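S.K.: Below is the structure I would like to discuss, written out as structure tokens.
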Amino acid sequence: MGAPRSLLLALAAGLAVARPPNIVLIFADDLGYGDLGCYGHPSSTTPNLDQLAAGGLRFTDFYVPVSLCTPSRAALLTGRLPVRMGMYPGVLVPSSRGGLPLEEVTVAEVLAARGYLTGMAGKWHLGVGPEGAFLPPHQGFHRFLGIPYSHDQGPCQNLTCFPPATPCDGGCDQGLVPIPLLANLSVEAQPPWLPGLEARYMAFAHDLMADAQRQDRPFFLYYASHHTHYPQFSGQSFAERSGRGPFGDSLMELDAAVGTLMTAIGDLGLLEETLVIFTADNGPETMRMSRGGCSGLLRCGKGTTYEGGVREPALAFWPGHIAPGVTHELASSLDLLPTLAALAGAPLPNVTLDGFDLSPLLLGTGKSPRQSLFFYPSYPDEVRGVFAVRTGKYKAHFFTQGSAHSDTTADPACHASSSLTAHEPPLLYDLSKDPGENYNLLGGVAGATPEVLQALKQLQLLKAQLDAAVTFGPSQVARGEDPALQICCHPGCTPRPACCHCPDPHA
């Protein structure tokens, strides 16, 4: 007589915890909801991401809480609203005194405590600090290879974006040191040769995975790609190949990197032992026009709380564990820490988390526990609190404000010239019928249906409850700047920033 089913399930659960999955978390930069082939773009060359979508779970309603680099990355790694941690307003810069507070617990720290070999490649943008105090090696990552902030946060005239010697478009940030490439806390090059950067990241990733396998331990790879942030770059194999200009070439290289990672995982025989998650930090920077990406049918882009700013492509791939399909369940980047902790059998940090465990949804045993989503502006304050709230199919905008990042679209509500506006009653949209947020259901409240009025009450209550519950942490950005904190490959040299130049040997 066979063992009872309950016993078999318990044994299977025990084995899952005893051997947690390898995890690869891929985070694209300034990628629009409509930029991938699997999300409907007619000409994007993204076969590897499309293959992940076909073989895994594709999310249609996956969100970030803030549509800007620094706060979005903080939310991803901690499962907490950025305002709780002081990751506001705007973004950190190379000379910022502040950064992701060290008392915050990152997903890397959660997994490292479970025995994972943890590594990060790519863009950090959560602060540098004195002696690199806020960098990844102090935030749970055993290994780090990357740029500590955005690659436009330095002078672009000394950057090569396309081989053999095409300079990057625009001036970027003048008066700063050249962007540094760091290996853990050491400067590898300043500036790096961008066309060769992706190959270095892929070699780093392969070494991490292979070393973890040799050590018989799981790995966590956080690959925070610079693609498709402006100014776009790519290697020789992709330059002028996409038919979609520099943005398309950059996207093509990102997709190829995903393919390289999947090939490496397969070559190591780890496909069925590795969970791969792909998403992005915020919507497209439409002010760049053809270099800015596409939000598809969604309204606006980066820097706004409209759908084009906060709704992101998201894929989860794990053969033998995640069934192929599409889910319309609500999900957020905030949910990744509790989800990965559950799958790894790791305890949650003893802090207030704003994320939910999505493992039942991923594994096909249940639905998403998330019932609502909250969206903050790039420059939040405690007086106004949350700008927009979604529950079920309804979304309310209590405040709106345009952003320079979303300039040049045909919709003036997206532009920086669209000033902060309070809405009473709020703008209310049925996203199941109107994902573009074009038809306000409360344009005439007297004609609103009972269902719509009930949704309005629920959304107002959710906003009031969250605003009352959330305490803003001291702003890390408001700690100000110290030019001496900028990383320099020749510490103490003069004159700065010109002397901080160490040619890349890989160029």
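Every residue gets a Cβ built from N, Cα and C, even glycine.
I grabbed these lines from Swiss-Prot:
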SIGNAL    1-18  signal peptide
BINDING   Asp29, Asp30, Cys69, Asp281, Asn282  Ca(2+) binding site
MOD_RES   Cys69  3-oxoalanine (Cys)
ACT_SITE  Cys69  active site, nucleophile
BINDING   Lys123, Ser150, His229, Lys302  substrate binding site
ACT_SITE  His125  active site
DISULFID  Cys156-Cys172  disulfide bond
CARBOHYD  Asn158  N-linked glycosylation site
DISULFID  Cys161-Cys168  disulfide bond
CARBOHYD  Asn184  N-linked glycosylation site
DISULFID  Cys300-Cys414  disulfide bond
CARBOHYD  Asn350  N-linked glycosylation site
DISULFID  Cys488-Cys500  disulfide bond
DISULFID  Cys489-Cys502  disulfide bond
DISULFID  Cys493-Cys499  disulfide bond
S.K.: Inside 8 A of the center formed by the CB atoms of Asp29, Asp30, Cys69, Asp281, Asn282, which other residues of the chain have their CB, for the recorded Ca(2+) site?
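M.R.: Surrounding the site, in chain order, are Ala28, Leu31, Leu68, Ser72, His229, Ala280, Lys302.
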S.K.: Run through Asn184, Cys300, Lys302 for me and report the recorded positions whose CA is within 10 Å of the CA of Asn282 (Ca(2+) binding site), in sequence order.
M.R.: Lys302
S.K.: Are there any residues at least 6 positions away along the chain from Cys500 (disulfide bond) with a Cβ closer than 8 Å to its Cβ? List them or say none.
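M.R.: Within the chain, Cys500 (disulfide bond) has Cβ neighbours under 8 Å at Val177, Pro178, Pro180, Gln190, Gln486, Ile487, Cys488, Cys489, His490, Cys493.
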S.K.: Using a 10 Å radius around each Cβ and all protein chains in view, which of these recorded positions has the most neighbours: Asn158, Asn184, Asn282, Asn350?
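M.R.: Buried the deepest by this measure is Asn282.
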S.K.: Taking every protein chain in this structure into account, which of the recorded positions Cys69, Cys414, Cys488, Cys502 has the most other Cβ atoms within 10 Å of its Cβ?
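M.R.: Within the set of recorded positions, the most crowded position is Cys414.
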S.K.: Given the substrate binding site residues Lys123, Ser150, His229, Lys302 in the record, what is the largest Cα to Cα distance, rounded to whole Å?
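M.R.: Of all Cα pairs among the recorded substrate binders, the widest measures 17 Å.
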S.K.: Based on Cα distances to His125 (active site), point out the closest of the recorded positions Cys69, His229, Cys300.
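M.R.: In terms of Cα distance, His125 (active site) lies closest to Cys69.
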S.K.: Look up Cys156 (disulfide bond) in the DSSP assignment and report helix, strand or coil.
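M.R.: Where Cys156 (disulfide bond) sits, the three-state DSSP reduction gives helix.
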S.K.: Checking the contact step here: among the binding-site residues Asp29, Asp30, Lys123, Ser150, His229, Asp281, which have a Cα within 10 Å of the Cα of Cys414 (disulfide bond)?
M.R.: none
S.K.: So, three-state DSSP: helix, strand or coil for Cys414 (disulfide bond)?
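M.R.: The residue in question, Cys414 (disulfide bond), is helix (DSSP, three-state).
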S.K.: In the structure shown, which of the binding-site residues Asp29, Asp30 has the fewest Cβ neighbours within 10 Å?
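M.R.: It is Asp29 that, of the binding-site residues Asp29, Asp30, has the fewest other Cβ atoms within 10 Å.
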S.K.: Cβ within 8 Å of the substrate site centroid (Lys123, Ser150, His229, Lys302 excluded): which residues?
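M.R.: Going along the sequence, the neighbours appear as Asp29, Asp30, Cys69, His125, His151, Asp152, His226, Tyr230, Asp281.
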S.K.: Counting only residues 6+ apart in the same chain, whose Cβ is under 8 Å from the Cβ of Cys168 (disulfide bond)?
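M.R.: In sequence order, Cys156, Gln157, Leu159, Thr160, Cys161, Leu194, Pro231, Phe233 meet the Cβ cut-off.
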